[in-house]
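*Asks:* Below is a structure I'd like to ask you about.
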Amino acid sequence: MGQFLIQGGCQLKGEVTISGAKNAALPILFASLLSKGNVNLTNVPLLKDISTTLELLKELGAEASQDGHEVHINASSVKNYTASYELVRSMRASILALGPLVARFGEADISLPGGCAIGARPVNLHIHGLEQMGAIIKVQNGFIKARVNGRLKGAHLYMDMVSVTGTGNLMMAAALAEGVTTIENAAKEPELVDLANFINGMGGKISGAGTDTLTIEGVESLGDCSYQVQPDRIETGTFLVAGVVSGGKVKCLKTAPHLLTAVLSKLEEAGAAVTTGSDWIEVDMIDRQLKSVNISTAPHPAFPTDMQAQFTVLNTVAPGTGRIKENIFENRFMHVPELQRMGANIILEGNLAICGDPDPLCGAEVMATDLRASASLVIAGLIAEGETIVDEIYHIDRGYEAIENKLIALGAKIKRIEN
């Protein structure tokens, strides 16, 4: 599975180029199933989840290839509408094949998804929305089986809870539905704005992306599109936190400051000097005093759950008491016991992590349990005394492109060990 061997005590300095956003690229890849033409994407990150998705598209009958950060897809010859357990089990995003397949082909069998073990992430929102649009859906034998005679029909949909994947799936399905669909209480994440812009680039008619009400005027078909995936705001935030807790100075290039308003505000509150340009962000912590901060995760534009683990590390080494409340996912403090093995002073009370006055972190062997937790353990290893080994790093490869190479360029002492 591989390990990272990290020598602690480094101060990160320099520039790092941010990759395309995994959480934008994945739904865009699935949305390419809606098109009868050629789709060319740029700024696609080189990640395990991306290659898994391309394999799934090929299994369905599409042409799909990646050359560096460019991806070409042609789904005109799709003949198979079943997403098998073999590919779906490692990646929850596979549920995003459901909407496009049933919208374009009237049929989809999607194995119930796997992926990060951080909570229920229910699929009932996807199912209920598609049923309101006319699909007949059964869940049996580990599959979601959806059928519709003719085209899906536009409908007025209300999301019982804010769901990024649910909003994305129904947006894609509605793009080829007959009539107008409105989605109320829609998720507002930037990655969904990217998805809507991509679908519109293929000829779709979606308005309201980035607000809580989407209006989708269905079209009969979608065609060619060339599109650049937006930068990864979570990778950006991760490197910024690493720079801050190491007492260094890090500049993230090819990123988008407007996507990180809540995170940048908390970094300033933590004592960092934050400077931004049109496509770059720099944090400077040299000769500055780190401070603990209180965090409460919530849907965009509030503080993102995907940055919670990284700020937990920040609070463990900052003076004072910092409280982190996780409101999005249950079971998303699996990094805490691993940080405690390194000496972190953290008390868990339900969905609240209370980080007390710091003791120095000491290197230890720790296990990555999910994507963002693994990033927090790498950050902790960079600032701990001595040597840290992070096991099960396949989690981090799902969402961070060549993270060790980027950290080494900033002065980190980190090595990948394959076993």
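For all residues, glycine too, the Cβ spot is worked out from N, Cα and C.
Annotation comment: Swiss-Prot describes CYS116 as active site, proton donor, evidence class sequence analysis. If you look up Swiss-Prot, you'll see LYS22, ASN23 marked as phosphoenolpyruvate binding site, on the strength of sequence analysis. Among the features that Swiss-Prot reports, UDP-N-acetyl-alpha-D-glucosamine binding site is placed at ARG92, ASP306, ILE328. If you look up Swiss-Prot, you'll see CYS116 marked as 2-(S-cysteinyl)pyruvic acid O-phosphothioketal.
Please situate the listed features within the shown structure.
*Replies:* Its own atom aside, the Cβ of ASN23 (phosphoenolpyruvate binding site) has 24 Cβ atoms within 10 angstroms in the protein chains shown.
Applying an 8 A CB threshold to same-chain residues 6+ apart, the list for ILE328 (UDP-N-acetyl-alpha-D-glucosamine binding site) reads THR297, ALA298, PRO299, THR305. For the recorded site, ILE328 (UDP-N-acetyl-alpha-D-glucosamine binding site), the DSSP three-state label reads coil.
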*Asks:* Rounded to an integer, what is the Cα-Cα distance in Å between LYS22 (phosphoenolpyruvate binding site) and ARG92 (UDP-N-acetyl-alpha-D-glucosamine binding site)?
*Replies:* 13
*Asks:* Taking 10 A as the limit, how many CB atoms besides its own sit near the CB of LYS22 (phosphoenolpyruvate binding site)?
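*Replies:* Result for LYS22 (phosphoenolpyruvate binding site): 25 neighbouring Cβ atoms inside 10 Å.
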*Asks:* For ARG92 (UDP-N-acetyl-alpha-D-glucosamine binding site) and ASN23 (phosphoenolpyruvate binding site), determine the Cα separation and express it in whole Å.
*Replies:* 12
*Asks:* Would you kindly give the Cα-Cα distance separating ASP306 (UDP-N-acetyl-alpha-D-glucosamine binding site) and ASN23 (phosphoenolpyruvate binding site), rounded to the nearest Å?
*Replies:* 11
